[in-house]
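Here the structure comes first, spelled out in structure tokens, and everything after it is commentary.
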Amino acid sequence: MTGWILGYILLGTICDWLGRRRALLMSVSLSGLLGVAVCVSNSPVAFLLLRLSQGAMLAGVFLSSYIARLEVCDPPHRLMVSMVSGFFAMFAELLLPGLAVVCSDWPVLQAVATVPLLLIISYWCCSSVFPESPRWLLATGQIPQAKKSLQIFAVRNGFYLSEELFPAENLLSEMDTAYGEDSETEYHSVLELRHTRVIWRNGLILGLTLFIGTGIQYCFTRNLHSYSTHFYFSYFLRVLTGALACVFLCLTVDRFGRRGILLLVAIVTGLSSLLLLALTQYLRGGLILVLSVVGLLSSQALAMLSVFFASEVMPTVVRGGALGLVMSAGCVGMAASSLMELQNNSGYFLHHVIFASFAVLSILCIMLLPESKRKPLPDSLKDGECQRRPPLFLSRADRDSLPLLRTTRAPASEYNPDNYARLVSATKKMLAKDTLPFKMVAVTPPHQTLLLPHGVISGTQGGARGLENRGLHDGSS
């Protein structure tokens, strides 16, 4: 497990620096050679070191292939492609006990498992079988290589005609206009996440959920030993619940969103764990079995969805290193379960309490995650920082970018061209008149003027004359 943790961290950084294709082929080649060396090793120390190195390389194979699959898919098919790879992993786990019985010796089993890795080395000679990710090439500014990779995809998808140019020439010309000829290649490291806020927070939350999903499984599988002490019973039950978890995610995640289903499985996992922790002495055996199976299924769904969610919200320029850190947290949870088995269940109650508490805590943290359903993958660190938390119950099927708060639209203006034309014509007629509706008159004191209408002026003059005649009449009398 230590080799897998180191491999996720180191090979994830190599994915961001050298590319997905080179990281995969390098990991496959080294893991194949190390597998052959493990088969022929005689020293215990050499065996441990070779197994440690091979585990690191196998982690690089899994990580680079997972990222490459994700980056070449459009948003509607990302989940299905990732879950299909999960089905292949479950199928391999189902075949492993049969291969162990047939081989009957671990060096032979090691050789059988190494042969497929040696066959994949042939990808070095044919770049069209496994081309480099165009998204990573564009994100790092490698424009000529990105054009070549896009042309390979166009040919493989059947868009190339023998007597015509590439239909993607418009896209290539747009790339020239957008990036220019003087674009510089720029690589990023996972250490740059310390200057971010949203990306670092998302990675920490998803790393916690993955740690819980892998570490809490031991709390459920331990209860299965009371029904059957045979190793294969718990092994096959765990694999079958993993397959059911894949089916559950395929049916629900694209419909209800990543964050909603992640919250649901976290609640079910925490509730099952708490019930088993508090009421095991008071529950019947059948109910304990049901809670253990439900908790095992939900915890595996929590782990799978955490990895998939993390691969979608992490930017392309640091996706390898960031996803490697998240998956290494999952390996720490698996190592905690393995440590409990080595200690013969010593400290099991404390282990159960810690992971049950973490499961409850993760329910609150999941509310801070963004939603990545039907959205393009973020490429730069700026794109990753622009992701915001949408409302949980206000999502709409016809709306991709959900706001943080409900917004109200301004009412539409009642514009009528006829009324506007009448207003313009009336204004022109008023401006064209020679007579003004107001007249300037002089009042006492003489240096001030008063603006009065014609009717008021005539009324004022008539009233003044009446006062003068009344005064003369009074004087004569």
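Every residue, even glycine, has its Cβ placed from backbone N, Cα and C.
Where the annotation comes from TrEMBL, it is an automatic prediction and has not been curated.
Annotation source TrEMBL lists domain 'Major facilitator superfamily (MFS) profile' at 1-374.
The feature transmembrane segment is assigned by TrEMBL to 23-43 (among others). Non-local neighbours of the transmembrane segment (23-43) in the same chain are 7, 11, 14-15, 50-51, 53-54, 57-61, 63-65, 68, 107, 110-111, 113-114, 117-118, 120-121, 123-124, 130, 320; each lies 6+ residues outside the stretch with a CB under 8 Å from one of its CB atoms.
The annotation transmembrane segment is assigned in TrEMBL to 49-68 (among others). Beyond its flanks by at least six residues, the transmembrane segment (49-68) meets 1-8, 10-12, 14-15, 20-21, 23-24, 26-28, 30-31, 34-35, 37-38, 41, 82, 85, 117, 130, 133, 307, 311, 319-320, 323-324, 327 of its own chain at Cβ-Cβ distances under 8 Å.
Here the transmembrane segment (80-102) has Cβ contacts under 8 Å with residues 65-66, 69-70, 73, 109, 112-113, 232, 235-236, 239, 242-243, 246, 249-250, 304, 308, 311 of the same chain, all six or more residues outside its ends. Among the features that TrEMBL reports, transmembrane segment is placed at 80-102 (among others).
The feature transmembrane segment is assigned by TrEMBL to 108-126 (among others). Within its own chain, the transmembrane segment (108-126) has Cβ neighbours under 8 Å at 24-25, 28-29, 31-32, 35-36, 38-39, 61, 99-100, counting only residues six or more beyond its boundaries.
The transmembrane segment annotation in TrEMBL covers 198-220 (among others).
Under 8 Å from some Cβ of the transmembrane segment (232-253) lie the Cβ atoms of residues 79-80, 83, 86-87, 90, 93-94, 97, 217, 221, 224-225, 261, 293, 296-298, 300-301, 304-305, 308, 373, all in the same chain and six or more residues away from its ends. The transmembrane segment annotation in TrEMBL covers 232-253 (among others).
Listed as Cβ neighbours of the transmembrane segment (260-280) (distance under 8 Å, sequence separation of 6 or more from its ends, same chain) are residues 209, 212-213, 216, 219-220, 223, 249, 252-253, 288, 291-292, 294-295, 298-299, 301-302, 305-306, 309, 352-353, 355-356, 359-360, 362-363, 366-367, 369, 392. TrEMBL lists 260-280 (among others) with the feature transmembrane segment.
Marked as transmembrane segment by TrEMBL: 286-310 (among others).
For 317-336 (among others), the entry in TrEMBL reads transmembrane segment.
Annotation source TrEMBL lists transmembrane segment at 348-369 (among others).
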Please report, as numbers and ranges, the same-chain residues at least 6 past the borders of the transmembrane segment (198-220) whose CB is under 8 Å from any CB of it. 238, 262, 266, 269, 272-273, 276-277, 292-293, 295-296, 299-304, 306-307, 309-310, 313-315, 318, 322, 325-327, 329-334, 336-337, 340-341, 351-352, 355-356, 358-359, 361-362, 365-366, 368-370, 381, 384-388
